[in-house]
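Undergrad: The structure under discussion is supplied below as structure tokens; questions concerning it will follow.
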Amino acid sequence: MESFLQFRDAYALQMVLENVRGFTSIQSHERDTTSWRHPLAIPAYASSVSVVLLLLQTGLSLRSAKLPPSPLEQERHVGEEYFPGHASLWSRFKRHVSKLGGLTIFLFRITRVLCVLVLLALSIVTLFARKGHSDSSHPETTNSDTGIAIGRLAPNFLLGLAICLVYLYSLFLGVLSLVAGPQGSSRAKGHLVFVLLVTFAVYVYRDIWPLLTFTESPADLHEGPLIWAKIVFLGTAALVIPLTAPRQYVPVDPKEPASEPNPEQTASILSLAIYSFLDSTVFLANRLPHLPQEKLPPLADYDYATNLVKRSFPHLDPFSGARKGHMFFGLMRVFYQEYTVLSLMAIIMAFSGFISPLGINKLLSYLETGGEGAIVRPWVWISALFWAPMVSTLSFQWYIFVATATLVRSEAIITQLVFEHSLRIRMKAEASDSTSKSAPSTAVATPDNTSVVDEQSTAHDEARDETTPSETVSTAKGKQSPVKEQSMDSKDDDKFFKDGSAKASNLVGKINNLVSTDLANITEGRDFILLVLYAPLQLIVCVWFLYKVLGWSSFVGMMVMVLLFPVPGYVARLIQHAQVQTMKRTDARVQNVTETMNVLRMIKLFGWEPKTDARIADKREEELQWIKRRSFLEMGNEMMNYLIPVSTMVVTFATYTLIMKQELKPSTVFSSMAVFDLLRDQLGMILRFTSAIIQAKVSVDRVSDFLRNSELLDSFALQKQADAGEISLHGSPADPQTIGFHDAAFTWSNDADINGSYTPSKRIFRLQVEGDLMFKRGSINLIIGPTGSGKTSLLMALLGEMHFLPSGPDSWFNLPRDKGVAYAAQESWVQNETIRDNILFGAPYDEVRYNKVLYQCALKRDLTLFDAGDQTEVGEKGLTLSGGQKARVTLARAIYSSADIVLLDDILAALDVHTARWIVDKCLKGDLIRGRTLLLVTHNVAMAAPIADRVITVGLDGKVSSSDTVAEAIREDKDLSAEIKEEMEETEKALEEIDAEDPEAPDAKKADGKLTVEEDIALGHISWDAMKLYLTSLGGSHVALFWIAFMTGTLLVDASNISQTWFLGYWAEQYDIRPASEVRVSFYLMIYCLLALISVIIYSSAFVVYVFGSLRASRSIHRRLIESILGTTLRWLDTTPTSRVITRCTQDIRTIDGNISMYLRWLLEMSATLLMKFAAILFVTPIFVIPGTILTGLGGLIGQIYMKSQLSVKREMSVAKAPVLGHFGAAIAGLTSIRAYGAQKAFKSEAYNRINRYTRAARTHYNLNRWVCIRIDALGGLFTAGLAAYLIYGPSRNERVPSEAGFSITMAVSFSGIILYWVRILNALEVDGNSLERVQAYITIEQEPKPTQDGIPPAYWPSSGDLKVESLCARYSANGPEVLHDISFHVKSGERVGIVGRTGSGKSSLTLSLLRCIPTEGTVYYDGRPTSSINLDVLRTGITIIPQVPELLTGSLRENLDPFSQYDDAALNSALRASGLFSLQSEDDEGRITLDSTISSGGGNLSIGQRQIIALARALVRGSKLLILDEDHHTDSVIQNSLRRELGGDVTLITVAHRLQTIMDADKIASLF
């Protein structure tokens, strides 16, 4: 018995050991694969990694907590004691919830904790159920002595236990995210999401993926319903809650959190992905007529200009520690996070784009094989036709979301960077590089205050938004000679950059170009990631896909593409050349139009409208010829982009069938077609982006050169030298309050010749102070000297604007600024603000002091002219103020300031003598100046001498001396003595004025506080009248024929393209019908090529028809606009700013030429394509007319909602952009004044505010585009997937051949992709349609009577200057009050009549009435004929008027005397001699005026007297029988003598007199009351 028991025990032990060995040998592999290598072990590993990382983070956090808190943290902790220690538990809880982001976020976290708790409970239940299952299937074979429980080693139990521990750890993290502080909660939340996502991914792989296949089944089905409950709760916790929970707002600067965060900062991930955080803005815009700026989403604090500056300047600004190197790398350091995201999105886009072609291939293969060998179920590929495009769309839209945010931020950063650096640079005049070939001229190259920067068109932003480079045109004012075709290319090349944009001829213009043209180029080149990463990656994937489908034949096709690739590159270069030439012609036309609009009043008074119209039309025709050439080249480029992929596809298919002897299947054809379309897109993108990126690089170089190499003021240059360790040796005054110089020399540039530097007049100049020059404190210091001696330079040197050249170590100059400095420039500078704001200039308002300033500066009377008083806005460059008013506002600013030192630069020059005397007596002698140190530069020495305590004289050699009295200075300087004598004579003449105005006399108010009428802002969609204007102009006199031809061609092109797709499927279908040997490949290739050729021919024909139509429309609309403006009334011109008229003729016309023409063509082509593709889908599946109609309706509804909001936001964006550039331009123009007042900080702050307003609108504008893109693409994806589902699972699925299904799906995919672009193009056309509305409004303005055949007098008329006026009444408008009442007089031919009267009595109105410039009643007979019966152009040609301030044209003197080349030089020189010009100059004068002398804009380089002499010469050239002279106190005696001597005996002279001397020899005197 004992032996038996021993044997039994031995046998049992042996069996146990064998079982263990068996378990070890059999189950060890299972344990390897199902325990530590089992997929269910992955969550445990993820949890382990999370634990380690969490411990490390906690340790680092504790370590940092032991360190002394930073000031930022101290500031943050200050606000944490909001609730004291005795606060209630509820208060503490509310505060805790608030810290975690609010109640909504807290509830989402609680929900996630509950989900995890449920998952833990379900896992525990599963674990014990699994253990019971294990016990029944694997009984414990234990020995009572050993107690071994083999079943406990079962892998399922261990894995179940691991999952329970994972959920237990997740529960701990969830609770921690509820109870910890903000930092700890955020850390726990991140770890929790990571662990849950990994776990969810494992269950998707084990239990969801098998459901998508024919061959596998879920791995955890044995758990029954519990597994699906687990997946639901796990998906909710891991995906749904993280995607839908709002995000906590984290301020960029904890010390200055946003009062209202942007919804973008708190929106959930899902809301961000589909842009639903904009829903409230979109629907609000649809409820309001117009969405104002205040209703837009608030600006996110990471887009605040101040935060952008803090973020970027350390990498870009040389004065903020930026590294030396190319600016591109600095920008990359600023935007490295954005470009990391962009790169990731580009990679996702590159791969997700191939899922749809793969889905088409698999679906058609399924139909071809009947499902044999299929692994993945067809509904998976059907759903892929929806979610794959959605993934691609989400990634692409997020790419653009980040890219446009980068665009707006870079605009803000670079604008502010250039602005702040401009505050450091020396504003020196730059001489033009071009030299005139004409005789010496008196023209002076004076810098303009601002350059003309065309506002970027609406479509430009649209194009930038879609990451497509757009064309920009920049114009700059400058001297312009007559444009000749044969010399345009060679002579003007130096006026343009390589991109065709006009170069600025001065530093201010260059700076403005940096923030307009160059900034636009830089932002357009932001998408280089698409060129260097996305395009190559997608090309690689394209080749791989084609190789998998078509074998090595794909490489043959790619070789063809590579060989043909240089062709579109060559065409692109031709297009670029044509674009440059077009921009040159556009600039020439714009220059001509601008000049015309600036002197439009003169043109009307001279009756030059027809000839001016003809001249502009010639310029326009040159421009249109180059536009036509460019359009045809663009057509060739589009043809090449179409033919290259077609050629590639034909060669590939030919190789595949003829050489490789393979059968062409529908699955192969339609999937490869989709990939060939991608190749075509990549080809076009590479061509577009290459030129844009090259231009961006050039613009970055320009900005970088400006930042690194522009000449700095000495103070900043010394700072850079100090940073570099260099030492500058010069002395300093013993008394820091001293104002003056000691042994100092100054030049306008530090890189000039040793003798000096160029002044604006190209004269080498050097200011020299030998010994001491001290200004007397608390007194008036007069600075005098001959013209051009350097008086202004003395002030500039004192202000630090010039380059200091110390003569030795004890040289110095000093201007104490501790008590403030005020400065009034000679060229008055005002901001586009109210008059009060211009005077206060940021200083506190003191009513008593302010009213004194108004009185002493003679501004009280001026303010009575405005209903708005001092709240009247002065407009851009002070357009609502006269020159004298601007000068007095500039003076008032200096007087009102509390500065102890006041510098006034020739403030009396722009004032008439009476006002100047008032300023001297009331202001400079007044109590506001008393006790302050005043430095006054003036030419009016006689008037200013009595108030001077000290006199400083500047000689023509630049040397400065001082004396105590004016008499001493005059005695020592003969040139100065001569100038003073001349000025005293002018003053005496002025005192003879018979209608002088008292500066403080009250006057009647204007009817409106504004000098100009408000411009109407169109709300809603473009009007039909405006659109009709363009649509009818396209066809000209054959509107119906044009539209029939173009639309027929467009529809036929789409029909041909659809036929090509259908024919490829038909070709592939033949392999299923007959043996491959019987399929004639060459026949099918020939037919396909023939269809492609037909498409090209028809498209080219339709394109040519449209190009000629668009040129016809551009020519017609421009002609009608110019004729309307030239034919309007003077009253309309008085109430409409010239800048507004110029905008219509330049910017709006450019939009009509480019964007409207292009967008309308695209819209019509896309509409035809949508219609034809939808018809093709219905041909195969007629039942889809219902879903298609629903889709179209929904798409239209979404489009309307989008456009309503986008139009409002776009207009707000345009409105917000102008003040940014306006403030920038005004500040650059007034840099000297800003630096003198020390107002740099205030101007930076204002720039921040304006940039923030623009950024707020711009970000919303770009984000709204993302909103509509996501929704339209989703609709398109649903339509495609629904069609595919019907084709695969529909009732007639067994009867449908694969080629039909492939054709229908391909059409649906294409149809869905076009819908979005159709909506976007329609929106762009609506926005740019504003230009059409504005032009159409100007075409219908009030007009003067048009010429008629009956209004042409005989050729001899007028033969005399006889003038008879009977009962003449006149008014300025048809309904206005009469300004002339029943006037009658008779002037015989050859008589001289003087007209006198008080101001406002109607003297000027009478002259306008004689020319029929205002509505009149009564009769005026000129040479026996009533003027009302004579055409206006003939009447005004027979009368010549010389106004007080004659208007001159930019160009040569010859062009001013004879603008239309009607006379020879002999006649012109005779007129100049007769006018007295030659008597004022000798033949050997270096700067004598000749016919070839250049006249600057408005005659700015000539004195008023010289301008009137030229105007007289122009009148003599015209030979009019009636001459009207409106003289003023500047009119020279030379003109009077010329009029007495040179006028013929039959020429009647009417003089509107201001001085008695002028009318002493008049035959008659008419007095108006």
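A Cβ is built for glycine as well, from the same backbone N, Cα and C atoms used for every other residue.
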Undergrad: Which range, 339-360, 933-954, does TrEMBL list as transmembrane segment?
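TA: Within the set 339-360, 933-954, TrEMBL attaches transmembrane segment to 339-360.
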Undergrad: In TrEMBL, one of 684-703, 1184-1203, 1504-1523 is tagged transmembrane segment. Which stretch would that be?
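TA: My reading of TrEMBL: the transmembrane segment range is 1184-1203.
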Undergrad: Restricting to the domain 'ABC transporter' (1363-1569), what is the model's mean pLDDT?
TA: 77
Undergrad: So which residues does the transmembrane segment (339-360) touch in its own chain, when a touch means Cβ under 8 Å and the partner is 6 or more beyond its ends?
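TA: Apart from its flanks, the transmembrane segment (339-360) reaches 332, 381-382, 384-385, 388-389, 391-392, 395-396, 398-399, 402-403, 406, 529-530, 533-534, 537-538, 541-542, 545, 667, 670-672, 674-675, 678, 1302, 1305-1306, 1309.
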Undergrad: Can you say which of 100-129, 226-245, 528-547, 639-659, 1301-1319 has the most Cβ pairs under 8 Å with the transmembrane segment (1184-1203)?
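TA: Against the transmembrane segment (1184-1203), the leading stretch is 1301-1319.
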Undergrad: Can you work out which residues elsewhere in the same chain, 6+ from the ends of the transmembrane segment (639-659), have a Cβ less than 8 Å from its Cβ atoms?
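TA: Sequence-distant neighbours of the transmembrane segment (639-659): 546, 550-551, 553-554, 556-558, 560-561, 564-565, 567-568, 571, 668-669, 672-673, 676-677, 679-680, 683-684, 687, 1079, 1081-1082, 1085, 1088-1089, 1092, 1095-1096, 1099-1100.
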